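**Q** Supplied in structure tokens, the structure appears directly below.
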């Protein structure tokens, strides 16, 4: 350690090193950020003001929209700043802080998607008891549980990161501070960090994955037993938007961290990271508004007013 210089500032590689692309990328992602904020804020506003949307399903959808706003606000403003200054420097403290909030919002979204699966299960498989099971107190407690778990989970990683020293000059191969990338530039022993990352990902990630997809086994079985085509079509339509959001988020997340060339193909990693950190919050409002008749009627009613 005597010949190693401890670093207090890190370098982000960003999306592109070409100076000619900095301004176009800045404008593109600024537009994406504004559209994301507008779409998700519009969903929250409609749910808060339209009495037809004040049900458990839309309460969870409004919560998801708030999480999408937070998720995209953790990464895009920092990216826009780097496009503008072209320095891409970030302090260790700021990097760890960004990792905390990225993990917080990622865990919150995954957990909330599991809660929304349970809501769809109750609505389709136990419709007569829906109002008794999914009353407002239960919905609020579920969301509070999601938020408390999501705030505590990243603390484990943050506390371990604070004990590390960083001395390698390699830039982080990303446009934001990513936990695996940060561990690669540490000169400390990161075995515990890596082990806990894998252990917690398997323990909590696997549990949340099961809670998200297992209800759909029962849901699909129930739908296939319905006699009326209209009832089957209505049941499928209430699940399709949620399933689309689940597959987009899980698909990009898994590919980003578990594809065969995850450690070598940084260009692919950056593209996939854009999808799950930036484009997913952008498309979620489109998925839920374009495929939801009640939401479209509410939007038309608001526009007419």
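The backbone N, Cα and C atoms fix where each Cβ goes, glycine too.
The transmembrane segment annotation in TrEMBL covers 25-46, 58-79, 99-118, 139-162, 191-218, 239-259, 271-290. Look at TrEMBL and you will find 39-288 tagged as domain 'G-protein coupled receptors family 1 profile'.
Map the listed features onto the structure and describe their local environment.
**A** Outside the transmembrane segment (99-118), and at least 6 residues removed from its termini, the chain residues within Cβ reach (under 8 Å) are 57, 60-61, 63-64, 67-68, 70-71, 74-75, 142-143, 146-147, 149-151, 153-155, 157-158, 161, 176-179, 182, 204-205, 208, 211-213, 215-216, 242, 245-246, 249, 253, 277.
Long-range contacts of the transmembrane segment (191-218) within the same chain, counting only residues at least 6 positions beyond its ends with a Cβ under 8 Å from a Cβ of the stretch, are 107, 110-111, 113-114, 117-118, 120-121, 125, 153, 156-157, 160-161, 164, 179-180, 183, 239, 243, 246, 250.
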**Q** Do you know the mean pLDDT across the domain 'G-protein coupled receptors family 1 profile' (39-288)?
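**A** Averaged over the domain 'G-protein coupled receptors family 1 profile' (39-288), per-residue pLDDT gives 88.
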